[in-house]
Amino acid sequence: MQSLIKYQPKSPLKYLSSYFGDRKKNLFKLVLLGAPGAGKGTQAKHLVSKYSLKHISPGNLLREEMNRNSPITAQIKDYVSKGQLVPDSIVIKLIENHIATIGDSNWLLDGFPRSESQAAALRASPDLFPTHIVELKVDQEAVVQRLGGRRFDPITGNTYHIIYDPPPPDIADRVVVRTDDREDVIRERFRVYAENKDLVDKVFNHSVVSINCEGQTIDEVSLQLDRVLSMPSTIHPSIIMPERNKKQ
């Protein structure tokens with residue numbers, strides 16, 4: 001099959017068994033994507049609660065691993081100390097190890113994959129192959145307003161927003177804009193996300209379902225997510241079953 005050849009799964013039989021078996025057991029293996037400020041955290045809480053999903057955050061897994069004493073820990077610390085990104089192979093291994101501990105449980109993978117190479121690794125892994133891939137779609141200007149309006153109090157650690165949650169007048173002079181909340185940084189992060197999201201979608205044969213969050217309340221977005229999860233899967237069948245050659 002085309003996908004087995006192109007993405008070279010570690011175990012082709014396990015790959016196929018996982019794909020069809022998860023759907024037969026009605027398991028949710030949800031990948032939730034979205035640009036910075038799209039509201040992934042809010043919707044992840046809704047989904048985890050309603051569908052009893054195990055929440056998987058690659059960032060949290062990396063931080064937890066750094067507090068352990070293992071060969072992987074040493075590798076991660078070495079990359080971090082040099083200011084380098086942790087290789088995809090290590091991140092994928094951490095996710096696979098974590099999923100192995102939760103058995104046949106529904107799970108939500110938060111904000112991953114972020115690149116074409118990560119998507120390819122996810123697709124090639126029988127344990128990580130998702131049943132649903134959903135993107136929370138937001139407008140760049142809305143993200144700039146949402147994140148660019150944040151203000152941080154270095155004394156208390158509290159975060160405010162100049163429009164939605166202004167800081168009290170007595171501390172207004174001491175709140176600051178964090179580096180990640182500068183407009184130029186936000187726009188660059190959005191650009192990188194949008195560029196890579198299209199590549200991720202391509203790896204999964206355009207199986208990413210986008211939910212437009214503009215003008216929608218949190219509850220309305222949650223309802224749309226519920227509708228998507230009412231489907232057995234969003235993954236295009238051509239990922240597993242190759243298209244027949246058309247007769248000339």
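Just so it is clear, glycine is given a Cβ too, placed from its N, Cα and C backbone atoms.
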Candidates Arg63, Arg68, Arg123, Arg150, the one Swiss-Prot lists with Gly37, Ala38, Gly39, Lys40, Gly41, Thr42 as binding ATP: Arg150
Folded-back contacts onto the region 'LID' (149-181), same chain, C-beta under 8 angstroms, at least six residues removed: 189
Whole-number Å value for how far Ala38 (ATP binding site) lies from Arg63 (AMP binding site) (Cα to Cα): 23
Neighbouring C-beta atoms (10 Å sphere around the C-beta of Thr42 (ATP binding site)): 12
